[in-house]
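Quick look at what TrEMBL lists:
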{"type": "DOMAIN", "residues": "9-194", "note": "domain 'UmuC'"}
{"type": "BINDING", "residues": "Asp13, Asp109", "note": "Mg(2+) binding site"}
{"type": "SITE", "residues": "Tyr18", "note": "site 'Substrate discrimination'"}
{"type": "ACT_SITE", "residues": "Glu110", "note": "active site"}
Amino acid sequence: MSGKREKVILLADCMSFYASVEKADHPGCKNKPVVVAGDPARRSGIILAACPIAKSFGVTTAERLGDALRKCPELVIMRPRMQHYIDISLMITRIYEEFTDLVEIFSIDEQFLDVTASLPFFGDPIAIAKSIQQKVLSQTGVWVRIGISSNKILAKIATDIWAKKNEDGIFTLSKSDVETLLWPEPVNKMFGVGSRMTAHFTRLGMNTIGDIARTPLPSLKEKFRARFGKQSDIHAEVMWRTANGLDDSPVTPRTFSAPPKSVGHMMTLPRDYNDKSEVDTVLLELTEEVCRDCRRKGYMGSVVTVSCMCSPYEAPTGFSRQMKMPDPTNNTNAVFQAVKMIFYKYWDKMPVRRAGVTLSQLVDDGNYQLTLFEDQVKSRALEKATDRIKDRYGSAAIMRASSLTNAGQAADRSTKIGGHYK
Ligand SMILES: [Mg+2]
């Protein structure tokens with residue numbers, strides 16, 4: 001055989017993660033229906049996780065607490081302890097790392113493992129999956145389901161469609177089984193396909209994953225363009241590659257080294273800039289440079305500083321002002337909005353000679369991934385629910401989990417309630 005040896009990739013997914021952690025910490029609730037809810041004090045709070053017993057009453061993730069209580073009045077409601085879940089998640093990472101040093105955090109409750117090089121030491125993939133399950137269960141009380149394949153997307157699909165439904169929580173999806181096993185499945189079971197995409201595919205007469213896979217890519221792009229415009233080419237390709245089980249991205253471990261204090265760029269302009277559109281261009285360039293730098297290095301920042309020096313040199317004016325954004329980010333657009341807001345608030349309209357943009361209070365964006373609303377799997381369902389709540393109560397009603405962890409750590413330690421709905 002020519003070419004590279006097939007890899008063995010696992011996707012390990014924690015079942016009902018937050019609820020499982022709470023049940024492990026509250027043995028008295030072992031046989032009770034337990035949910036973790038955004039705000040137990042309000043019936044409008046949403047369900048962040050439900051244990052299998054609660055689910056058997058029809059309770060679902062992302063539904064409103066009030067609705068869940070109607071289905072199951074004896075529901076035990078726990079308030080979320082995000083820092084604790086992050087700690088347990090990292091503990092699970094450490095367990096995975098006993099089997100391979102190639103562990104990639106995908107979300108707070110899902111991680112990829114490349115165990116190709118571990119096979120000679122730990123046995124075949126199923127044996128490794130079983131030892132992982134036992135170790136995680138005995139040390140944390142959490143049950144993990146494991147999909148096995150030769151790349152990340154197929155491992156993810158193996159977990160979502162099959163391992164989650166299996167008694168033993170393990171499923172192997174070989175590349176050669178894609179046609180017989182994956183292609184007959186309905187499109188809405190495919191990773192990355194939400195209700196909007198499902199409707200789109202239905203309109204195109206594509207009902208199974210195989211229908212997508214068998215459409216030649218150029219023609220799929222055309223069909224996407226007709227509806228979503230030219231920028232949809234990438235999306236079409238992602239869908240097509242997923243349906244065909246193609247993915248050559250490696251399992252990439254994150255390094256949790258301490259981020260630098262700040263990332264900034266400064267520009268001395270070749271001449272005076274007076275014009276708003278020119279100034280905007282400079283600010284955007286600086287912002288893009290800073291954000292790209294952060295993205296490359298894996299950081300996000302929550303404080304934006306804009307500095308500016310205006311002519312003449314003999315009597316220069318200028319400012320250096322900062323603003324805290326609601327969430328850490330390295331998204332150019334988000335930072336640019338903040339940059340413009342600061343700049344136009346303090347600029348005295350004198351010709352600009354130098355300008356600078358800095359992002360500080362940096363966090364590792366891998367850590368940031370460990371947040372509830374970044375969880376790509378649940379996000380489809382949660383997005384809707386959170387939008388609804390934001391519409392009604394304003395965007396402060398739902399804090400991102402990262403703000404909960406930063407601001408909430410001290411509060412969490414001092415109260416440690418995690419108790420029942422009062
Ligand atoms: Mg899960």
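Placement of Cβ uses the backbone N, Cα and C atoms for every residue, glycine included.
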- When you measure from the Cβ of Asp13 (Mg(2+) binding site), how many other Cβ atoms are you left with inside 10 Å? 23
- Item | Collapsed DSSP category at Asp109 (Mg(2+) binding site) | coil
- Given the recorded positions Asp109, Glu110, which one's Cβ is surrounded by the fewest other Cβ atoms within 10 Å? Glu110
- Message: Using the alpha carbons only, what distance in Å do you get between Tyr18 (site 'Substrate discrimination') and Asp109 (Mg(2+) binding site) once rounded?
- Response: 9
- Query: In DSSP terms, helix, strand or coil for Asp13 (Mg(2+) binding site)?
  - Reply: strand
- Task: Using DSSP reduced to three states, classify Tyr18 (site 'Substrate discrimination') as helix, strand or coil.
- Result: helix
- Item | Neighbouring C-beta atoms (10 Å sphere around the C-beta of Tyr18 (site 'Substrate discrimination')) | 29
